[in-house]
């Protein structure tokens, strides 16, 4: 209520009206609005960041599966059981696992072949050295060996080699069962029939025979 006689245009009346109990503080309204707006925008930012991170993760997984289908040959082959349908992630993973296992087997097979070839190379090198020694001995003594040896001497050489091999064979072989016999035979071959071992046996037999003849 205004005082009697007060004019509506009186500035004091305006001030009283502005700060009366029936009015709202505009500053308080702005404060509440900005605070609520800040809260909502923070939640939106967190939600948007989470969505973006999840999308990046899904894109990375998709690129990974696409790369697997490009790299693994079996994923590129047509599977008539599923027709022209796109390969599922489970199928891509299974084909990748199968291909990796295949590569491991191939690697092991190649390593075994390389090991066998190395042994063959070593045996050839030993044979090469032996032939070089024979050629050199013949060049140094061209008349040596012109006299032919008898069949008996040939047999004696063979017998000496076989006797030496049989001694190691008899000491290494077990007759408890056929399975054990087979295993022992292969072990004996690998241990006592190496080119270097046979070479030493032959040299020893020839040396003994030479002492007997001369």
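Cβ coordinates are placed from backbone N, Cα and C, and glycine is handled just like the others.
Because the structure is a prediction, the values reported are computed rather than measured.
TrEMBL assigns the feature coiled coil to one of the listed ranges (72-99, 100-127, 128-155), namely 100-127. Across the domain 'BHLH' (45-103), the DSSP tally of helix, strand and coil residues reads 46 helix, 0 strand, 13 coil. Long-range neighbours of the coiled coil (100-127) within the same chain, counting only residues 6 or more positions beyond its ends whose Cβ lies under 8 Å from a Cβ of the stretch, are 195-196, 199.
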